[in-house]
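Worksheet for the structure shown next.
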Amino acid sequence: AEPEAAGGRGADGAVLRWCITGALCASFLGLGMSIAVLGPTFPNLAANVGKNVSDMYYIFVGRSLGFLGGSVVGGVLFDCMNATLLLALSMLGTTAGLYVIPWCKAALLLTVLMSVIGGSMGILDTGANVLILNTWGSESGPHLQALHFSFAAGAFLAPILAKMALGGSESEELAGAEKTNQSVLKSVPTASAASTTPAPKDHQDGDFLWSYIIIGTYILFTSIFLFALYSKSSSVRDNSNASAQKGGLAKYHWPLVSLLFVFFLFYVGAEVTYGSYVFTYATVFAEMTEGEAAALNSVFWGAFAVCRGAAILGAAFLSPATMIVISLVCSAASSSALAFFAHYRALLWVGTAVYGASMATVFPSGISWIEQYTVVEGKTASLFVVGGALGEMCIPAAVGYLQGRFHHIPVITYATFVTSIMTVLLFPVMYKLANAPQENELKEVSDSETRRALLRHSRLTEDEEDEEDVREWNDADFEVIEMNDKLTNSLTDTSSRIPEDSPAEVSLQPHVDHVLGDPPVVAGGSPGRQNGNVDWEKSE
């Protein structure tokens, strides 16, 4: 697709495309803050509804289900209505939920609000990726990287904002906010951490609401800007029109989408699992202090954020496939080091940093990569987001269960190794399917080969006919030459044996003259004698 797919042509179209990209990056910044703010304010929410922290797990379930539902519904709606309008409405829903949450006193109402916010986030996560693709087409790589870097920046800012609002909360509360991912819900505290979290002080009950109000106000302004862009919808095309310009689907479109769904499930699950359990692994198996474990956790997410920012420039020079291959190789190498050589302290630190860096670019690069081979519409993008969300929910839960059953085995590091191997095996299969030729391409190739074969056959036939004609003419020439030589030799032998004025000469001469084609000219003498003299002179 051309860059004008969602922005018109000329200078106005270029300005509008950059405005759309800026609004989407601002929206993802708010998305990151909205997800990450729950971690440090979770004890305050529990106290606000009169529940223990350990009994509040269901609000995460409600938000996760809302996120999945929003991704699916958003994927359908994006193919039916204006994308900018739908994103603006979803941002309004997030703003409303953030404004109401601090005053919510009922656990059930809080769960419903979390589900609404999760649904709005799912719509935004699905639609922003599709709108970037429709806006920039083949040039969308750097812009997708910038979009997801904005999410990481928002997740980084939210704990700082919450700490300022709470007037300096405990570092343990802030640690949970780092458990974030680029496209799905994070910050689910473990059961052990939740059960030991102290209740907040009474004077902090009203302080934490300011973090929600500030984030909600920021998202409100972003929503207003999206409505302003929608007012210029005369130059912004619908997704259906933009998709129509991209061409047809890949030959194996749905198998390719299904494999990428599984690919994102393993990738996101691995990222969230390591980011969520690395602190526990460091303290239990690596025997680190809590300060060292927190630093190791920060190294993982810091490398993740830095490489996501660097990928904005890298995507301008490297193809999506190249970036994915580099990420997969680094992921496999670092996960191998973590699984089998983590008892070396230096390898644990280096492996954690490399593993976090390798996770940074896979999701946006994967979307950019598949867009080169097939049409990515709302429903397709929603499958990618749902795959990542399922991985975020299922794989950490499975790892936690297995770790509880096998206390002396570092399940987390083996899980990172297994998921890395799965992604390494899946990508070559997807690449093979993506590059399979279309049926019309095969037909064109077949027709072209047939035409070339016919042309070669025609040229060979003409050459063979020409050679046959040449051989026939050469044979005829040789026959004439041989006949003339025989007649000339015969005439010469006969003339040498016959004496002059012999009667045989007179009888032989008319026959020779007829063969040689010389007419018997008679001039003042006997024809036989005259011609005989001429032939004798020739023979001499």
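Each residue, glycine too, has its Cβ placed from N, Cα and C.
Annotation source TrEMBL lists transmembrane segment at 15-37, 57-78, 85-101, 107-132, 144-162, 209-231, 252-279, 325-342, 348-370, 382-402, 408-431. Sequence annotations record features per position, and here TrEMBL assigns region 'Disordered' to 490-540.
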Original post:
Are there residues at least 6 beyond the ends of the transmembrane segment (107-132) whose Cβ is under 8 Å from a Cβ of it, and what are they?
Top reply: 6, 20-21, 24, 27-28, 31, 34-35, 45, 49-51, 56, 58-60, 62-75, 77-78, 83-84, 86-87, 90-91, 93-94, 96-98, 100-101, 140, 143-144, 147, 183-185, 239, 364, 367, 376-378, 381-382, 384-385, 389
Original post:
Given pairs 6 or more apart, does the transmembrane segment (209-231) have at least three Cβ pairs under 8 Å with the transmembrane segment (325-342)?
Top reply: no
Original post:
Out of 15-37, 144-162, 408-431, which stretch has the largest tally of CB pairs under 8 angstroms to the transmembrane segment (252-279)?
Top reply: 408-431
Original post:
Is it the case that the transmembrane segment (382-402) and the transmembrane segment (85-101) have 3 or more CB pairs under 8 Å, with pairs at least 6 apart in sequence?
Top reply: no
Original post:
Who are the chain neighbours of the transmembrane segment (408-431) in space, where the CB to CB distance is under 8 Å and they lie at least 6 residues beyond its ends?
Top reply: 256, 259-260, 262-263, 266-267, 269-270, 273-274, 277-278, 280-281, 285, 321, 324-325, 328, 331-332, 335-336, 338-340, 342, 355, 362, 370, 395, 399, 402
